[in-house]
Amino acid sequence: MERVLPFRFDEKEGVFWLLDQRKLPLEEVWVPVRTAREMAEAIRAMVVRGAPAIGVSAAYGMVLAHLSGEDPEESDRLLRQSRPTAVNLFHALDRMRAHWGDLEGSLEEAWALWREVEATERAISLHGAKVLRGQVLTHCNTGPLATGGYGTALGAIVEAHRQGRVAHVWVDETRPYLQGARLTAYELKKAGVPATLITDNMAGFLMAQGRVDAVIVGVDRMALNGDFANKIGTYTLAVLAHHHGIPFYAALPLSSVDPSLESGRGIPIEERSPEEVLELRGVRIAPMGVAAYHPAFDLTPHRYLTGIITEKGVLYPPFAEALRDALGIA
Ligand code: MRU
């Protein structure tokens, strides 16, 4: 599969280059990031997005802090404030904390984190491919652009297609940021997987017609009982799939599980600017003066999940036990 990665690191120049995901697929523009402060702003503005990709970028943000002489504590604080929902950001920064003041150590840790993302996603793709068949529906973007590796849910879809199990993908456009239309459609096209774009409100009609065999999505943060936050619209899909008796899977690295949360109630849900709803790619679509609401994620209760696809295999209910086992916690 041809993979487009969301970033590359030029160690000699001390620059972390981000592929500007706000401009894809119409333009491929690379943005240089030289400081942790700039990285925090790039994550906030969604130049780079997707839970694992945010984690790797934040780790390199700390590398840049060392290279550019910024205070590690202040850099860590700025990066932690960039986006609240994906736990990978905090997980990566926790790991980098052990190397504050140590450039070599921070370089090694960031590189190790990136390599782990690749290895876990290869495993997730292979495990996930086994449970998918026919026509699958996915939401948001969970491919290499969202991770820096092979992708989670989209990695499994591409692998299942390679194995001849998945024939076709329904791609939710994913309003308001259009990750599905702009990024997933772009990645599936590059991977040579037949895909059809739909707007988010078409899923129920397709399910009722028997044209969806499985739904698979990614995860920004999962609690220990399997409740999870993912892109706004995921919950709606979960309820629809449940109603129609269609298998519904979440794919994630175990590092996206927050062991401090027993249930999804404590997951912080990011609220973004209403402008992103009032406009479509910068073009105003609603009358001036109209209010808009923009939660960027929603919460899906674990009871709607058929299985949780991880690097250690596919977990089935009861999820609280299965997740604890997989994480090795009592
Ligand atoms: O707001 P985004 O684009 O960062 O949201 C991304 C998602 O919701 C993905 O589904 C999630 O991060 C999983 S990525 C493998």
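Yeah, the Cβs are placed from backbone N, Cα and C, and that goes for glycine too.
TrEMBL labels come from automatic prediction, so no person has curated them.
Given the structure is predicted, the values throughout are model-derived calculations rather than measurements.
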In TrEMBL, ARG49, GLY50, ALA51, ARG83, ASN230, LYS231 are given as binding substrate, so which of GLN135, GLN179 is in that site too? GLN179
Considering Cα atoms only, can you say which of CYS140, GLN179, LYS231 is the nearest neighbour of ASP220 (active site, proton donor) among these recorded positions? LYS231
Check each residue in the chain of ALA51 (substrate binding site) that is at least six apart in sequence and keep those whose C-beta is under 8 Å from its C-beta; list them in sequence order. ALA86, VAL87, ASN88, LEU89, ALA146, THR147, GLY218, VAL219, ASP220, ARG221, LEU252, SER256
Tell me the Cβ neighbour count for ARG49 (substrate binding site), meaning other Cβ atoms within 10 Å of its Cβ, over all protein chains shown. 25
Where among the binding-site residues ARG83, GLN179 do you find the Cβ with the fewest other Cβ atoms within 10 Å? ARG83
